Every structure is written in structure tokens, then in C-alpha cells.
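Student: Structure in C-alpha cells, see below.
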Amino acid sequence: MTPSLVFLIVVIVVVEGQGWRPWDRFNHPGNFGNWGGNNWGTRQRNQEPHDIPPPVPPPGFRGNNDRFGGNIIKVVEIIDLGKSKNRGDILSDFKDVHKKHRHLGRKEWKGKVKQFCHRFPGHPNCRRGKVPDQKELEEMIGQFSKGGIGRFLKRVPKIYIEDPLARVDPKLKGFLENAGRGFGHVSSEHVNKLRDICKRRKCREQPESAKKTRELFTQKLADFETKIAGKDKTDSVQLRFDRTLQIKEALLEKGNLTADIVPVDNGVYDLDTMLTEEQANILLNELNKAGVGDDEIPLPDADTDDEDDDDSTNSASGAAPGSSRLKKSALYFEGNLIKKWDPSSPIRYVLDSSLEDLDKNDVRAAIYEIEKNTCIRFKELSSPPTGSHIVYYKVDSPTFCGLSYVGRADPANPVYLSFGCDNNKGVAIHETMHALGVAHQHLRNDRDQFITINWSNIDPQQYDAFVVVDSKLYTSYGVKYAYDSIMHYNGYTAAQNIAIPTMNPKTNSAVNLKVLGQRQKMGTTDIELLKKMYCQPGCDDKNVYCGAWALKDLCKNPGHDQYMAANCKKSCGLCAIGK
């Protein structure tokens, strides 16, 4: 057996918490995802009925078919990323040059240094107004071992985030238990449990799989955006992934865990989502990182007609490229962090040629389910249009189920699916709902009322998978927490010991633990949320906390009903009923 195939078999158990259910090996033999138990390697289509069938069967619908066997070689090829194109990772290039004791010619060295200092303008060796000498290479690389990538990156723009409670009755504030904690709050008890874990395992070593994942999706995203923009977008993608790492580091810093844990640097946030630069900048502002980093100092004798005009230099604050001053702009809680699609026209989407017929059927079935239950409409196109749209890609990899942005992204939304997980239609629904702007259920601000996080069993390097969303930036719209939400992860997500849950339901735990992470169909609350987001035009909440107040039954509370009726129509269910 080849080393690559051995790795393939071993890595199956670490897929993130969507459709893979590793605990089935202990509780339900024979149903380990689609690849385990008695049917390993066999795709049983008749075990995946469409629970809410579309009015007309999706084009290309077929019955049983084995997809795994035909893709095994592709999977191994994806794993062996050492042979793939290392697109734009100048830091890896420098490490390779140093490791092999290569001496670069003057022109080649200048070109690489320019690329390095464009990506890391805050690096000390890029702040001297001259081209660093190649003899400084070891020093340049060594700076990164000290941690804190944010100090090397372009300055985080200052963004004014309005306090939604500034002009609210103090009595209403009393109903918000966690409002004052801020994004990234973690108790000292939980911090100590994470530290205890790191006494027994290595928490400061970057997993090799993380590097490969980042390389893979840097290439995928850069290819996707370059094709649309007509110019190389690698720098823009690298900055977004660097910002994602910066957020993970800032979250650990807030918990005083920097000395104990190095977060996974794979470009992915919360296991299956990507951040736009705008979203990353907003979250960094919430973590008090506004102004961290520096502005680029042009190197002498360097070309000036480069790609600095790409969107990697544009910030959520509206700062002009190259601006050395921090500018401000207001953040409206329902508008900026998550961009929604225009509900008055169909969302255009394309099924990339990388999808097989059965893969396309799964995506179409997912879209049919959303259409059947809501007012949202989609339109399939044969080729990418101009303007906003979704493109579904297949990435043959056993290490993930799906990956997407949360909300509409510019220039378009790529959705990456492996089609190797339990119930691929459900995974496609999950990722499409991310694209529509829906965050994970288990990261809601009220999640601790419904589930208990087992901090003694989570992977500390994937700490971001358990950080609740910022209460000032997300709203529930008054939709209740649901264990059967298709946006919930399974109870064993990011577990060290996959036989022990990382999330336990507080209600009817034995039954609901099996429900967590279901991908059979949209839950009733998923449908309700999408309807409130897209099917009630002209009716909005005026405060991001309306959802939380509605869940406290304040819509009919005699002391607050007038305020709620005037300011929280959507969360109180006072809008015209959409489909």
C-alpha cells in the first residue's frame, strides 16, 4: 500500500463536523458516513431519499451509483500537494531557498523581496527604505517564529461600529446577559482546560495538513477570481487568509492562550467558511486590532506599475489604496458584515465542469429544497455571468465536506464541495445557506442555554470553531435555537477523542445528540430564518438585538410591546407573511 493511500485512510476520521459522523463507528456500525462500516466504498443512493422532493425531479437524476471508486486516484492526487503549484506563497519560497542554501541572482532576489514586502509591509526588514540583502534571509524568516502575523500585514483599517444599545431603554439592556462580554470572550475555567490539553499534546506545531489546505484553496480562489477580474488576484487571496490567521491569533490572545496554542493556518474560519477582507477587518476591529500593521514603503528601484490597485488594499472603511491614515465609516448591523442577495431577482448559479452528473443532481436538489420552502429563486446558467453569482466546484478531498463564504461576496461566490460526505444534498444546502448569509447554529450568542461545550475534549488549535458570534453583528430574528438545524455541526466536531462529544444538548441529550449535524433536510427554523431574511421586503428590525428580545417574549410584554412593535417588526413576526 502506498504512503498516500495510507494517509487517505487515516485522514477520514478528521473531516469537519458536517456530514461525517465518526461516532457511528462506536454506536451505529455500518454507517460511517458513506465510506465506513459494511458498505465501505459503496455509494448507496437508495439510502439518501430526498425528504422534501422537488416538484419535478432535478435534471440528470439517477438511482444508485458508486462515485467513490472513480475518484480515488483524484483524491490521492489532491493529498499529494507537494507536487502542485505553490501559487504566490512567498514565505514558503523563502523558507525553501534558505533550506536548500540557494543563492538567487540580484534580479530574482529583488523581485521576491518586493513580493515579500508587499505582502508583509510591517516586517522590520521592509521598513528600512532599502532592499534587504539576501544575507538577511534567515533573520527575515525567523521573525515569524515569534508569532503575531498581524504586525507584519497591511494596517487594519479603523471602522466605527455603532453601539446598538446607545439609545435603548436601560431595562431592555437587562435582558441581554452576554451583551457586555464582547466577541471572543472565554472564561478562565475554559482557558485552564485548554491549557491542560496542551500539556498532553503539541499545540504549537502547525499541522502539515493545514499548509496543504491553504495551498489548495489559495490556488482555487486565485484562479477563480483571476478569471473574473482579468488580473492576478493571488495577493488579495493571501491577505484574506493572513487576516483569518490574524483573527484566530487575536482570539487566543484575548484568552491569554498565545503562549500555549498556535492556531491552524489553513485559510479557513470555523472549519467550513471563508472570510471576505471586509468581514475580517470588522472582526479585527471588534478584537481591538484596528491600526495594527503598517503601510507599505516602496522599495528603491522597484517597479511602480504593479498590481497594487487590486482590492487587497481596499478596506471596509473605504480607505483609499496606499492611505496612511485611518478612516472611519459607520457599520450598520444588518448591512455590512453579511451582504445579502437581491430578493427581487433569481440568484444565478453555475455548476462547474468538475462536477459529475450525480454531483450536479445533489446541488440541484439542494436548490430545489430551498426554493420549495421559501420565496428565494435561483437560475442555473451554463457559464459565469457578470455580476454576483454562485459557482459550485468539486474538490476531491477526504478532509472536508464543503467550504463557502457567509453572505454575498465580491466578485462572486465560489462554493467548494467534496461530495464525499454523508448526504451530499444536505451539505450543499448547508453551504448554500452560508452563501445566503446564514451562520452556524451552534455559534449563536444563546447557544450555552442549549448545549454544553466539553472544553476538555476540543482541539485547542481549532478554538475558533467554538467561539460564539459577535452579538452586535448577528441577529437571530427571533428564530428559536434548534438541534435539528441543518446549520448545526455534529456533537463530535473538532474532538480530540472522537468517542467523546464536544457538544452535548442540554435537553433530551441522548436523543438530540444523534440529531446534531443532520444533513437530511432543512429544519423548520432554517426555513423560518430564510423567510425572515429574504421574504419580507420593506419590513426590517431597527436594532440587532431585536431577535434576542423577541426570544425573551418581549414582543407582547406590556412594558416593552410598543417599542418592539415599532422597532422589531421582523423579529416579532409583524411583517407581511412571505412564502
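Even glycines carry a Cβ here, placed using N, Cα and C.
According to Swiss-Prot, the feature signal peptide maps to 1-17. Taken from Swiss-Prot, the feature region 'Disordered' covers 35-58, 293-323. Marked as N-linked glycosylation site by Swiss-Prot: ASN256, ASN454. The annotation compositional bias 'Acidic residues' is assigned in Swiss-Prot to 293-312. What Swiss-Prot lists as Zn(2+) binding site is HIS430, HIS434, HIS440. The feature domain 'ShKT' is assigned by Swiss-Prot to 539-575, with sequence analysis given as support.
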Student: How far is it from ASN454 (N-linked glycosylation site) to HIS434 (Zn(2+) binding site), counting Cα to Cα, in Å?
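Tutor: ASN454 (N-linked glycosylation site) to HIS434 (Zn(2+) binding site), Cα-Cα distance: 26 Å.
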Student: With every protein chain in view, what's the tally of Cβ atoms within 10 Å of the Cβ of ASN256 (N-linked glycosylation site), excluding that atom itself?
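Tutor: 12, counting other Cβ atoms within 10 Å of ASN256 (N-linked glycosylation site).
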Student: Taking just the CA atoms, what is the gap between ASN256 (N-linked glycosylation site) and HIS440 (Zn(2+) binding site) in Å?
Tutor: 25
Student: CB neighbours of HIS430 (Zn(2+) binding site) within 10 A?
Tutor: 29
Student: Far apart in sequence but close in space: which same-chain residues, 6 or more away, have a Cβ under 8 Å from HIS440 (Zn(2+) binding site)?
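Tutor: Those within reach of HIS440 (Zn(2+) binding site), by Cβ under 8 Å and sequence separation of 6 or more, are ASP270, MET487, HIS488, TYR489.
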Student: Using a 10 Å radius around its CB, how many other CB atoms surround ASN454 (N-linked glycosylation site)?
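Tutor: Summing over all protein chains shown, ASN454 (N-linked glycosylation site) has 19 other Cβ atoms within 10 Å.
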Student: Among all protein chains shown, how many Cβ atoms are found within 10 Å of the Cβ of HIS434 (Zn(2+) binding site), not counting that one?
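Tutor: The answer is 24.
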